[in-house]
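Features reported for this protein in Swiss-Prot:
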BINDING   Gly45, Thr46, Arg47, Gly48, Val49, Gly50, Lys51, Thr52  ATP binding site
BINDING   Cys64, Cys73, Cys76, Cys79  Zn(2+) binding site
Amino acid sequence: MNYQILARKWRPQSFKKIIGQKYIVKAISNGFSLGKIHHAWLLSGTRGVGKTTIARLIAKSLNCEIGITSLPCRKCTICQEIEKGICLDFIEIDAASRTKVEEIREILDNIYYTPSKSRFKVYLIDEVHMLSRHSFNALLKTLEEPPQHIKFILATTDVEKIPKTIRSRCLHFKLNILSEEDIFNFLKHILKKGGNNFDEEALKIISDYANGSMRDALNLLEHAMHLSKNNINLKNTTEMLGIPNKKHAFLLTKFLLEQDSKKMMCLLNKISKIGLEWQNILIEMMRFLHHIAMLKSYPKIWNQIFIKNNENEIKKIAENNSKYNIQLCYKILLKGRKELFFSPNHKMGVEMILLQAITEIKR
């Protein structure tokens, strides 16, 4: 059975299908339409935002048999070979595993050979920031005056580690992290196409926990599909991610602001038996604190878009607590989350963070 993971199955095969990178797609497409073809592109951004996908589309656009175009045909031999990853003139190099200058020089020595059957020989150097200083120096000489038949695409998740001399010789595009809305809509589209049942709340959680990465979102979605036999529901999704249910997160936040440490510790002990990611408890509490703070500051506006669960109780909490205390708790939880991994165990860390917040609340 030829099963394809979602990230490969749904990889965009045209610039029009790229999500969340409108400006970059427009700039690259216009460059091809105007015949202004740069010799080197630098694509930077976090994981799963489309760097490799855009690089492959650039390679197809440069080498499509109908001509240089922003709309490659996908039917010619070159387009199909690039999509399958078997094109001899599109060379993908993982810089993380080829950091030595000797290896880079060996690659660069071959660039003077003409393409086997394409218009251009395209080199994609992924994670280029991993190259050594000597490797960058070797690459710099080629980037200054490359042969006419050579194009470079550099991809990185850490652009600051790339020397300025390299960056200045490339057309640099900084890819944005994807919005939760874009990720949610795409996941929804995939599930509808596949005829899967799903809970929109579960998709919203997956979209949020993907942290702007479409690949992470698709991997989480695939995990959820396997767990629930293609029926994505809220219960399985929260258990999969180790997220406390909203009721527990709300009650912990309520007890915190009421300075009721006894009830808070009893609930934490109850939660510990379920088996959750402890940092997720802090994250969900911070969400409630954010909602309470916004309701406190903008009651008329925020009330219209506020979550419906526990609405009356949340309004009461907002009325009974000062902006200072709400902000203070948020700040302590935020700092505590960063330092949680230094505690002897995460449960102990969360308990101490919440006790500190209770101690510092002013009445």
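Just so it is clear, glycine is given a Cβ too, placed from its N, Cα and C backbone atoms.
It should be emphasised that the depicted structure is a prediction, and the values quoted were computed from it without experimental measurement.
Feature annotations (Swiss-Prot) mapped to structure.
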residue: Gly45; record: ATP binding site; DSSP class: coil
residue: Gly50; record: ATP binding site; DSSP class: coil
residue: Cys64; record: Zn(2+) binding site; DSSP class: coil
residue: Cys73; record: Zn(2+) binding site; DSSP class: coil
residue: Cys79; record: Zn(2+) binding site; DSSP class: helix
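Apart from the site residues Gly45, Thr46, Arg47, Gly48, Val49, Gly50, Lys51, Thr52, the chain places the Cβ of Thr157, Leu175, Ser213, Met214, Arg215 no farther than 8 Å from the centroid of the site's Cβ atoms, the recorded ATP location. Other C-beta atoms found within 10 angstroms of the C-beta of Thr52 (ATP binding site) number 17, with every protein chain shown included.
Recorded residues Cys73 (Zn(2+) binding site) and Thr52 (ATP binding site) have their alpha carbons 19 Å apart, per Cα-Cα distance.
If you draw a 10 Å sphere around the CB of Cys76 (Zn(2+) binding site), it holds 15 other CB atoms from the protein chains shown. A gap of 31 Å separates the Cα atoms of Gly45 (ATP binding site) and Cys76 (Zn(2+) binding site). Of the chain residues outside the Zn(2+) site list Cys64, Cys73, Cys76, Cys79, Lys60, Asn63, Glu65, Ile66, Pro72, Arg74, Lys75, Thr77, Ile78, Gln80 have their Cβ within 8 Å of the site's Cβ mean position. Around the Cβ of Lys51 (ATP binding site), 25 further Cβ atoms fall within 10 Å across all displayed protein chains.
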